[in-house]
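*Asks:* Structure below; questions to follow.
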Amino acid sequence: MAEPEKKRDQPFSQEKDEEKDLYLVHDEHESPLPLTVTSRVLYMLGDIASGPAYRFTQWLDLVRKRSATYGSSGFPHRLHRIDDMVTSAGERNTDPKSPPSRQSSEISLWERLGKASTVDIDSSCFSWNMLSSLHHTEHSSSTDHSEEDQSKPLEVTVNSGGVVFFALFNSSSSEDASRKEEAAVIKFASSRMATQSERLGYEFSKWLGVQIPQARVIHSCNPEWTLIKEATEKAQAKATSEGDEVGEMTCSELLEALELSRCLLLMSYVHGCPMLESMSSFETEEKAERAAAALGRILVLDLVIRNEDRLPCRQLRWRGNPANLLLTDRIVSSAKHHECSFDEAFDSAIKRYHPKDYRSIQRERRASSVDSRSRLSISDQMLVSQASDFSDITESPRSYDTGLMSPMSDRSVAADFHLVAIDSGVPRRPPAGKRASDQEIYPRLVELLLNSSQYSSNLLHEITEGSLGYPQAEDGEETSNVRSVVTPVVREFRNGFRAGLRDLQEFHIFLVTLHQKLDVLLRAFFSMMDKTMCADFDREDFAVPESPSHTHGHEVNHYPSPSKDRVPSDNSSDHSESDMQKSVPRTPNSENKEDGSSPKSRESWHGRSGKGGESLSSQRLAAKLRDFHKFAKVDAESNKELDQWNETLRNEVMKLCQENGFNTGFFEGSDNNSCTDAYELKVRLEHILERISLISKAANTEKPSMIQENLFIGGGLAARSIYTLQHLGITHVLCLCANEIGQSDTQYPDLFEYQNFSITDDEDSNIESIFQEALDFIKHGEETGGKILVHCFEGRSRSATVVLAYLMLQKKLTLLEAWSKLRKVHRRAQPNDGFARILINLDKKCHGKVSMEWRQRKPTMKVCPVCGKNAGLSSSSLKLHLQKSHRKLSSGSVDSAMNMEIQKALEALKLSTGRGSSASSNSFQSHPG
């Protein structure tokens, strides 16, 4: 402790000299020892700002030491709950342990930030000349915090890490005299890629309807970078003249960060506090429902980008960070009626799918209200849980409401209630162990969240740390009071999750297209590199294997080298499957078909996996990409080739993104980095598509309908939803469509006991022949204490027929009673005409009379009463036939002939109703006698 005390006594000038020496001592050829594998790859790509990553790390250590000496730039101790916030400093509780000067400084800044309005960083009126002061949080280099340290503000170092500065500007607007200042946030990450990845994460947030602050990346090559330096120097001079030593130090640190970094992230300031720290987040049921709906969308976002630093979830092994989900009572975007992130995502979707309607929608809609009905894609029914259980629909009446509003629209979130997600960086490549874990956890979580209210409630309880939802009772009992309060909240949570899945499906195809575009261009680029550097590198080591996007059935364009002198050859080699993939067991939702966006088919593009998820081939490509950049500096022809490829990659990818209204955050800096940006973006997209594939497959699920406590009915989707079956306790599966494609591949004899029958859904099929054997299987399941699922392909005809036969033969119900019981919980049940006749005969055999009358579904052929020929299926066809073939008949005779035909049809069907009788929605009708 003595040495740090001495350092604190050293003058600032000496510390600054030490810092300069630290940077000058660095040798370009030294290996950056502190770097991880990922950082080494980024270093080889030339990504680390102004040198190796440890420069930024060591500078950050110096900043932390200064924070220990000079305090937190006046930033208040740990964000207080909204309930504890007051408008005046006199009403606020003070910490007696804090020095008076520091305490007053913190209160002063807290008041300034609270009263400041939010800068519209995208406005043309935004100017750095209005910058008045800079502040930043305290920094902590230790992960173990004492109780005293936990009361201090935490540095925002989640995902991308780095340093966060709070910038206060003099207000340029005189609309509100009480707000003389405006606030914004400046964030420096440890690398250019980390900054761009965070901007990419915000883009995903916007497209998924998650509320976010405004954010944009500013690169050092941008003229705005110089304006920031000049404004900071002016603010530093102002702080010096006022004797503000801390303010001067903060400005100095920002200038140092500008020298070290190649880009920064500028964001709008969010007035609020962590959601879980606010007692008002869930004080009313209405607010709780709105928060739950927003959390459903945020969960989809974090599953896609694999962000484990926001929502705590033991099942997903996410540690969570409540500070990255803020509750605010102010609109996040600018006060000048700037559209919120949900509106921007909606606009992008409309521009893509209905460009002609975009202008009219813009004119007609309100600035703060968006009807999400227009945002639903045609694939809603595929992604929304296809639950046929009527009890589930009763519990969740709005689960199928196509008018579901976005959690960020004015109908679902009041003007004084917003949940804002911050720090949504997209990781480069998750470790192999986490990827393997995701492949096991994702399918189960998504499937059960869609199909089980109880599971959804438990999950909501976990991610809100007990604020919403309810834990699973140890004795399995739940009070009616708890259920009545929680059910609407859980319903909104599931609705928000479903809405996020729909939005995800909307731009999934675009992401696949973008990945394929990058894949084709980079393959050609790497082939050119291989040809250019073949004298220096092992061709076999550098050969680019066949990309999965080429073998996935998509026709892609081949891009020749931009240079006319060099035509890259297609050097492809077969790579063995990833070791990580070989070690991953087959999950129940996995299929034999390989998806072009699946990790299994893509892994060979990069070769075998190394430690930490870094593939060895990827490391070689990264190293050779770095070396090729060095080689191009001394070889004029290679330099020209590289410039042409940078331009081609940038133009092709940017064009595709602009056409679809998508901002990746990449390709906005120097043109010399386009090849590197393309490669890094592709790596991130691969793993995003991998997770989207897991989510989409799991979302294609169905909850079986419960006929009685131990008997369920469903379709093929229900039979494949094994996590749902296990959750329901199903042990036996009666399959009536074993001969159909894919059924044998989706059975799991290690988990369930199967009885397979091959019955076609035809009227002539003798389904009666399997009744006894099927009933014996069901009876066997009941006797062993199990639960049985009866399913066919669609869960409509064959399975419904067998269940009705079981209820009549085993439970002694009449056909009418069995039909009512089945239709009450499984509304799509509809035996075909042939099966219906069999059931009617069975009803008469068991009870001596028919309790229901059959009404056939298929229309009968209209036969001409004059000549006896088939005229068609409709009455209009018969009338046309009479007019053409029997012209001598008068119009009255035609009507008479029509009446004759109708009378014959009525007699054949034994119906007492007249010509104008309406059709029943049921296949069966109660017997009139």
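Cβ atoms here come from the backbone N, Cα and C positions, even for glycine.
This is the feature table in Swiss-Prot:
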{"type": "REGION", "residues": "1-27", "note": "region 'Disordered'"}
{"type": "REGION", "residues": "545-618", "note": "region 'Disordered'"}
{"type": "COMPBIAS", "residues": "552-580", "note": "compositional bias 'Basic and acidic residues'"}
{"type": "COMPBIAS", "residues": "591-606", "note": "compositional bias 'Basic and acidic residues'"}
{"type": "DOMAIN", "residues": "703-848", "note": "domain 'Tyrosine-protein phosphatase'"}
{"type": "ACT_SITE", "residues": "C792", "note": "active site, phosphocysteine intermediate"}
{"type": "BINDING", "residues": "C792, F793, E794, G795, R796, S797, R798", "note": "substrate binding site"}
{"type": "MOTIF", "residues": "903-911", "note": "motif 'Nuclear export signal'"}
*Asks:* If you count Cβ atoms within 10 Å of the Cβ of F793 (substrate binding site), leaving out that atom itself, what do you get?
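*Replies:* Step by step: centre on the Cβ of F793 (substrate binding site), count other Cβ atoms within 10 Å, giving 20.
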*Asks:* Taking the centroid of the Cβ atoms of C792, F793, E794, G795, R796, S797, R798 as the substrate site, which other residues of that chain lie with their Cβ within 8 Å of it, listed in sequence order?
*Replies:* G715, L736, C737, D761, H791, S799, A800
*Asks:* If H, G and I count as helix, E and B as strand, and all else as coil, what does DSSP give for G795 (substrate binding site)?
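*Replies:* Coil, per DSSP.
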*Asks:* Could you give the Cα-Cα distance between R798 (substrate binding site) and C792 (active site, phosphocysteine intermediate), in whole Å?
*Replies:* 6
*Asks:* Quick one: DSSP breakdown of the domain 'Tyrosine-protein phosphatase' (703-848) into helix, strand and coil?
*Replies:* 70 helix, 22 strand, 54 coil
